[in-house]
Amino acid sequence: MLKGTFPIDKLKALPTPFYYYDVKLLQDTLDMVKTEAGKYNYHVHYAVKANANPRILSIIAENGLGADCVSGGEVQAALDAGFPSGKIVFAGVGKADWEINLGLDNDIFCFNVESAVELDILNELAAAKNKVAAVALRINPEVDAHTHAKITTGMKENKFGINLSQLGEVLDNLSKLKNVKLIGIHCHIGSQITDMSSFRNLVIRVNEIQEELEARGITIENLNFGGGLGIDYYHPNHLPIPAFDNYFAVFNKLLKVRPGQEVHFEPGRSVVAQCGTLISQVLYVKIGETKKFAILDAGFTELIRPAMYDAYHRIENISSDEEVELYDVVGPICESSDVFGKDVELNKAHRGDLIALRSAGAYGEVMASQYNCRRLPKAYYSDMI
Ligand code: LLP
């Protein structure tokens, strides 16, 4: 069984559970993003929601990416990490007044507006500050992302974006508002998308939308395609960097870009997932009547994806090379859903062994909770231990 390479002696000295970040892999991934997006002059805003760890954010900011935020807290985290306000986009179906004001005060690049009513409020708040807010309309493009229902966003029944049938009405209203300026359109159809045909369909839909807008005399400066590129949770050791080349090539091939128009993206998972690992320790091996359980000191409080989305994370016993056995790998939380994997092939496990839950850099640490009065996990970095 090919396992990841970890500085096991150094990790053993640290109190578990914790997140371990491979800073070199993050940098290599960022280099790839910059090279591939750079080929077409595409603008990339990292989706802060995937991982808002301050060190991770500052590395991404140093690499010149922008930030995609979905709350005032994320806008502040991005500013604190050094992202220039002119590269911050702010989406979200429910922005509170203080969050909008924070964006206005910092003159962020763009508000991705998700409804007619939000547009009115933004206009009002901008007027109170004598400002004009730059706006992209988040359109719900009705394109199926073929991914998990809980992370699908671009269908009619989802709460996100403005329905295509209501776009005309919203545009009419927008043209009457003095303190908002339309600078773009935005779409995000879902997450962990591995089937490129979903992105192809999105581009085809956006080409159509552009034509409709032009027929109304509207030209759009910025097209934003959101995030969504999936990663290989099954083979983190073989393919640690996602295929950004294929992804951006789809857009380059099919998108009808108008002269002077900018194209933007908001990848989250694909940038940070593979560089992060949740490291935990086996507390007990419990032999049940029909099952053998490896009970870890990490649970869904540290990594909720398996419990919440039935997500698969590769699990490795990095302390043992003994024969492989089958275990249900579970956490200590008092809930039956606190299971990381069933019938997992692990090298024979003993109390104290370190267990790596791979591909946990995205939606891992950032979704941790204190349920059961547990402590939030710490983070360590490959270049600082
Ligand atoms: N832009 C917008 C407007 C989004 O809603 C999202 C993710 C992204 C960009 C970044 O998408 P990514 O490149 O990471 O797929 N917690 C879930 C994923 C939720 C994604 C929410 N929106 C999970 O653990 O799978």
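Glycine is treated like the rest: Cβ placed from N, Cα and C.
Given the structure is predicted, the values throughout are model-derived calculations rather than measurements.
When ARG269, ARG351, ARG375 are compared with the substrate site residues ARG305, TYR309, GLU335, TYR363 in TrEMBL, the one appearing in that site is ARG269. Binding site for pyridoxal 5'-phosphate per TrEMBL: GLU266, PRO267, GLY268, ARG269, TYR363, plus GLY228 from the candidate set GLY228, GLY299, GLY331. Proximity of CYS334 (active site, proton donor) to non-local residues of its own chain (separation of 6 or more, Cβ distance below 8 Å) is seen for ASN372, given in sequence order.
Confidence annotation: the domain 'Orn/DAP/Arg decarboxylase 2 N-terminal' (38-273) carries a mean pLDDT of 94 in the model.
Around LYS49 (N6-(pyridoxal phosphate)lysine), the C-beta neighbours below 8 angstroms that are at least 6 residues distant in the chain are ASP68, CYS69, VAL70, GLU74, GLY268, TYR363, VAL366.
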